Amino acid sequence: MQMAVQRFREQHPSVKMVPILSLPLPELSKKLRDGSLPLDHVFYAYVSKALQMATETNCITEYLQESETQIQKAKPTEKLGLLYGVPVSIKDSINCQGHDSTLGFIKNLNKPAAEDSVVVQVLRRQGAIPFVKTNVPQSLISYDCKNLIFGQTFNPLLYTRSPGGSSGGEGALIGGGGSILGLGTDVGGSLRFPAAFCGICGLKPTGNRLSKKGVIAGVLGQKSVAAAVGPMAKDVESLALCMRALLCEDMFHLDSTVPPLPFNEEVYSSTQPLRIGYYETDFFTMPSPAMRRAVREVKELLEDAGHTLVPFELTNVDHVVFNFCIRGMFADGGSSFLRKFKGELENSSVGPLFWLLRSPSWLKTALSWIAKPFAPRFSGILKSMRPNTVDEVWSLHCEIEEFCDQFIAQWKKLNLDVMLCPMLGPALGIGYPGKLSVAVSYTMLYNALDFPVGVVPVTLVTDEDEEELKGYQGYFRDWWDRTLAKAFRGSVGMPVAVQCVALPWQEELCLRFMKEVETLSLKKNMIV
């Protein structure tokens, strides 16, 4: 990368890169398509900035050198793709031909993918230039970003903080300005944590809205908790442009299991007032003062803008976390997950989880029973990690379907369009996510339900939030609550986001709501 940038600078000493990097994606895309900005100027501006971010945050795993050839061969045609000339970063676990998808495992090194994943093929057909692959935690089942091959990725806004995970390299690179658009994946918040922690936007679509062909999962074969591929960018308009580009005939042809639903422009551009459900807490993970304030402030802004806000009562989140999410992900007692670690050195980011899964069933059962009166959450996790029979897995799938039906019935009874929810934040200190697996409750709920959900940064942590945090005790007052309070501390000036949720297959409505939240928050912050 360094050599490529140096060569370009020597050949084009007068090119100013900062103005290129400051352009929002829709504007940059327009200039690339109309020829007012040369492709190589944009490409090398981003390679240069990405190199800087890699040095500062350790977010890149591989440079896709063939992207330079793609730039040289690119010729303007009559019908240019929607992302013509746009450099795009790709998460490690999404296959790019000729490059490793390691998932942070040493055994996956030097095993290049035979072909591009479908989403990468479609990006290329739309003229985009995939140029780097980005870091992940070992196994992907973590919301930190560290492995034994590439090491720890740092948050570009504050190096002592985690960038989130498992799409942490994407969050750090885009948050630091080294990429304008990226692709991540999400099975419990893996795209939303990095977006929230690094102060950018991200969209987790319905599980099958975008193709997952050629995208490697953290736990292969499990169907209880829906995984999804989604875009990450600095603003909502960029996410919409990416979805517009991906939801095309090429994708529907390359992967016939994806429903042929093109981007619905009418829904996205609608200005009709919305009926919005909201809640400030899930009564499982106590929100930080900044999280609660973020939801309240956005609620008020939306009401002032003419929307109707309706309280939504969330119940049994503990059951969802333990019985659907953890039990669903590790229905085999974690044996397939543990097999991936065979011959690998264990990594601290999944340390406690690894220890729990390796414990024999009788020990899990005994500890669960002993811990129940004084540590109910620890008891719940242990109980949910035992191996299940096929009959029990089928029953679990029925239970998840029933829960989804009830959730939608409650949604429709209130006649809601969308929902406003808290998003865990601010960014936790490095090393904390591995100790705080229970804090995925706000995000993982929507993987179990398989609803589209986006993240939008809306505020920054204030001194008042920090002061209020001193009284944080949590709902269970257990070790996890005490640890989470420590993980939140010292975050003045760090971004805090909210989640915007829609019903399945309504990504355009979700994006429309996100755009509204983004516009109102930006307006308020400018006035302040």
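Every residue gets a Cβ built from N, Cα and C, even glycine.
Quick look at what TrEMBL lists:
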type: DOMAIN; residues: 45-511; note: domain 'Amidase'
type: ACT_SITE; residues: Lys91; note: active site, charge relay system
type: BINDING; residues: Leu140, Ser166, Val187, Gly188, Gly189, Ser190; note: substrate binding site
type: ACT_SITE; residues: Ser166; note: active site, charge relay system
type: ACT_SITE; residues: Ser190; note: active site, acyl-ester intermediate
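Taking the centroid of the Cβ atoms of Leu140, Ser166, Val187, Gly188, Gly189, Ser190 as the substrate site, the other same-chain residues with Cβ within 8 Å of it are Ile141, Ser142, Tyr143, Gly165, Ser167, Thr185, Asp186, Leu191, Phe193, Gly218, Ala227.
Across the annotated binding residues for substrate (Leu140, Ser166, Val187, Gly188, Gly189, Ser190), the two most widely spaced Cα atoms sit 11 Å apart. In this structure the C-alpha atoms belonging to Leu140 (substrate binding site) and Lys91 (active site, charge relay system) are separated by 11 Å. Close to Gly189 (substrate binding site) in the fold, though at least 6 residues off in sequence, lie Tyr143, Leu424, Val440, Tyr442, Thr443, Met444, Asn447, each with a CB less than 8 Å from its CB. Taking the Cβ of Gly188 (substrate binding site) as centre and 10 Å as the limit, one finds 28 other Cβ atoms among all the protein chains shown. In terms of Cα spacing, the binding-site residues Val187, Gly188, Ser190 all stay beyond 10 Å of Lys91 (active site, charge relay system).
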